[in-house]
Amino acid sequence: MTDRTAAPSGPHIPVLLKPLLAAVAPVTGRWLDGTFGAGGYTKGLLAAGADQVIGVDRDPLAFEMAQPWAAEYGDRLVLQQGVFSRMDEYAQELDGVVLDLGVSSMQLDLAERGFSFMKEGPLDMRMSQDGPSAADLVAELSEVQLADVLYSFGEERASRRIAKAIVKERAQEPITTTLRLAEIIEGCLPRPKPGQSHPATRSFQALRIAVNGEYEELMGGLLAAERALKPGGLLAVVTFHSVEDRMVKRFFQHRANKTGNANRYAPAMEEQPSQFELVTRKAVGPDKDELAQNPRSRSALLRVGRRTDAAPVEITAKELSMPQLKETR
């Protein structure tokens, strides 16, 4: 059994850190890093001039691994275990919030966390190490429910075929490891051409999102940031796949009154106050230098908004284009 606190292979490189710091410059005051992970963004913000950073993570391992270096920042660094959708309970009047979505490199590199289809490990995928694991979902969901998860959360076109194969295989023997599940999925799909992603990529993404409630957490986090930021405060979000980016894009469009009129024949609606101004008009991706240094950045996109003094308002899952399982629609 691998030591659960062993350091991941290779240094952690925060994605899009340089363009993020450029977009939010000058960095001053108190910031919250809602996805602390290995501390890459937190270190970058502190080095850029933040007076204090509150590092939030649901994974207790993140703080165990930060112990060797966190103390050097003194009271400039505050660590808070929890979910970023509750950030407004941890702090108010923030000057900035950073969210780096999805699984962290630290979690991906530790085989025993069960996030990677490239390494043998228990089929876990829990970021907080609490609640049902991916193995539990694979064992307990019906074929229809599994297909719904794979299609809705992973945009997997072969979701029904894969779900059928999983149900067939689990009847023979429980599916409890990452490589066993990856092998089952590979058997359902054509061999990928050079440059194409691994056949299990979308299915593993879907299960991870379901296990951790990532879309609900993202929606809650965007709303919590709106409540926690002071006027002029900045919200920077880094996403890694199209669904996350679409949700963040829709949030900023909605809050900046940039959604447009869905029906050109309908009477114009009275413009509502804007909760955010767009800092990045379009999503910012990695440049060629970052791609060469960190291949994991290839799908990363950054969006940044600036908080106004307008009162926070609610938003629906539909308005955010948030995928929902059939049973919750």
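For all residues, glycine too, the Cβ spot is worked out from N, Cα and C.
Of the residues PHE84, PHE117, Swiss-Prot puts just one in the S-adenosyl-L-methionine site with GLY39, GLY40, TYR41, ASP57, ASP100, GLN107: PHE84. Under DSSP, the residues of the region 'Disordered' (285-305) split into helix, strand and coil as follows: 11 helix, 5 strand, 5 coil.
Other Cβ atoms within 10 Å of the Cβ of GLY39 (S-adenosyl-L-methionine binding site) number 25 in total over all chains. In sequence order, PRO14, VAL15, THR35, GLY37, TYR41, VAL238 are the residues of the chain that are 6 or more apart from ASP100 (S-adenosyl-L-methionine binding site) and have a CB within less than 8 Å of its CB.
The Cβ neighbour count for GLN107 (S-adenosyl-L-methionine binding site), using a 10 Å radius and every protein chain shown, is 23.
Same-chain neighbours of the S-adenosyl-L-methionine site beyond GLY39, GLY40, TYR41, ASP57, PHE84, ASP100, GLN107, judged by a C-beta within 8 angstroms of the site's C-beta center, are, in sequence order, PRO14, ASP33, GLY34, THR35, PHE36, GLY37, ALA38, THR42, GLY55, ALA62, SER104.
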